[in-house]
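J.: Here it is, the structure, as structure tokens.
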Amino acid sequence: MRVLAGERLWPPPVWMMRQAGRYLPEYRATRANKSNFLEFCYDTDLATEVTLQPIRRYGFDAAILFSDIFVVPDALGYPVRFEEGRGPVLEPLSSELVSRLDQERAVGHLDPVIETVRRLRSELPEETTLLGFCGAPWTVACYSVAGHTTADQTAARVGAYRDPALMQSFIDALVPASIRYLVRQLKAGADAVQIFDTWAGVLDDAGFKRWSIEPTRRIVEGVRKEVPDARIIGFPKASAARLETFITGTGVDAVGLDWTVPADLARQVQSKVAVQGNLDPMRLVAGGEALREGVDQVLANLGKGPLVFNLGHGVTPDADPDNVARMIDQVRSAPDPM
Ligand SMILES: Cc1c2[nH]c(c1CCC(=O)O)Cc1[nH]c(c(CCC(=O)O)c1C)Cc1[nH]c(c(CCC(=O)O)c1C)Cc1[nH]c(c(C)c1CCC(=O)O)C2
């Protein structure tokens, strides 16, 4: 929390996107209790358990609520399901589906997730930061146009060009639902929240302003209206050259950097706000010298300013859990460069 407020700490605090996940045998064992992934997210006992697993194993400085970005459209009544080996599958976006979305239904539907936040705050060590999150509207909407994961979101981009009013109407439903959801997480005990915009990088310049910056700005403003001191981390992935516009345009307190952000640009961004990142998750798969070198590079480049050590994107199922321990040891034992 001190780093998010702009302070430099040494060693930097460390956590990992997707730290509760399939690379951990204990996650896979708990996950085996529920075949339906969304039901798993809404099960307070199981979600609390898997959130705590990486904290117990590694002592990360922050825990991130176990849930998914698709609980928000699901709660609104948008048809979402997860298919084994395929990931999320959403019905194609239509004005009929948007007209059926129900903001009040979303509140009750998300009660179990808010209960998980409450439970986590009481069970976590006091010094462990609890992070809540939501998906940015554009990233959520991408999957509703394509219907599934794609490499470059061509369907969502074509959809947004052909029928911007439809895209806008869906985003206009996601914005208030996301505000309410984040406000409730903060009031239930989350110390800060992160907005994941995984697909911001595929947008052209006008699209980035309309579909990434503007909805995020509305969420930040809406959350701060209810929780004035809310700490908010933005993560517009693959948007290196636009990070400064994003920060000014949205008012976030900190940004997550993916691993492609050039070192000098990352430091420039860090002169404005705290940064989080940005080890390539593949270095956790490769291990050895590639891992040591990568951790050193992040610390050498960003260690002199406000840094939350993290990956540039989520840890993958093929990462070696021992490499995660090595990464944390290296961060915590690194000599202070100042
Ligand atoms: C785009 C996106 C999603 N979900 C999320 C994003 C944004 C960040 C990113 O880009 O990684 C965010 C997310 N998803 C999950 C978390 C939990 C907290 C954490 O540990 O970081 C968070 C913060 C759990 C999850 N969400 C999912 C899993 C794996 C599913 C399983 O256990 O069967 C987990 C642990 C499923 C999921 N959820 C999503 C996809 C595309 C998939 C399928 C791909 C995959 O399987 O990794 C959507």
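Using N, Cα and C of the backbone, Cβ positions are placed for all residues, glycine too.
Not my notes, these are from TrEMBL:
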type: DOMAIN; residues: 13-22; note: domain 'Uroporphyrinogen decarboxylase (URO-D)'
type: BINDING; residues: R18, Q19, A20, G21, R22, D68, Y143, T198, H313; note: substrate binding site
type: SITE; residues: D68; note: site 'Transition state stabilizer'
type: DOMAIN; residues: 131-147; note: domain 'Uroporphyrinogen decarboxylase (URO-D)'
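Please situate the listed features within the shown structure.
T.: Packing against the domain 'Uroporphyrinogen decarboxylase (URO-D)' (13-22) from elsewhere in the chain are residues 3, 28, 31, 50-51, 53-54, 58, 60-64, 66, 129, 131, 256, 308-311, 313-317, 324, 327-328, 331-332: each is 6 or more residues past its ends and has a CB under 8 Å from a CB in it.
Secondary structure at R18 (substrate binding site), taken from DSSP and collapsed to helix, strand or coil, is coil. The Cβ neighbour count for R18 (substrate binding site), using a 10 Å radius over every protein chain in view, is 18.
A coil conformation is recorded for D68 (site 'Transition state stabilizer') in the three-state DSSP classification, outside any helix or strand. The number of other Cβ atoms within 10 Å of the Cβ belonging to D68 (site 'Transition state stabilizer'), over all protein chains shown, comes to 17.
Same-chain residues lying 6+ beyond the ends of the domain 'Uroporphyrinogen decarboxylase (URO-D)' (131-147) with a Cβ under 8 Å from its Cβ atoms: 15, 62-65, 67, 69-70, 72-73, 78, 88-93, 117, 153-156, 159-160, 167, 170-171, 174-175, 178, 181-182, 185-186, 190-200, 203, 211-212, 215-216, 219, 233, 236.
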J.: For the domain 'Uroporphyrinogen decarboxylase (URO-D)' (131-147), would you mind checking the mean pLDDT of the predicted model?
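T.: Computed over the domain 'Uroporphyrinogen decarboxylase (URO-D)' (131-147), the mean pLDDT is 91 on the 0 to 100 scale.
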J.: Does any of R18, A20, D68, Y143 have a Cβ within less than 6 Å of an atom of ligand 1? These are the recorded positions; tell me which, or none.
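T.: Near the molecule: R18, A20, D68.
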J.: Could you give the maximum C-alpha to C-alpha distance in Å for the residues R18, Q19, A20, G21, R22, D68, Y143, T198, H313 that bind substrate per the record?
T.: 23
J.: In whole Å, note down how far the CA of D68 (site 'Transition state stabilizer') lies from the CA of R22 (substrate binding site).
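T.: Given the Cα positions, R22 (substrate binding site) is 14 Å from D68 (site 'Transition state stabilizer').
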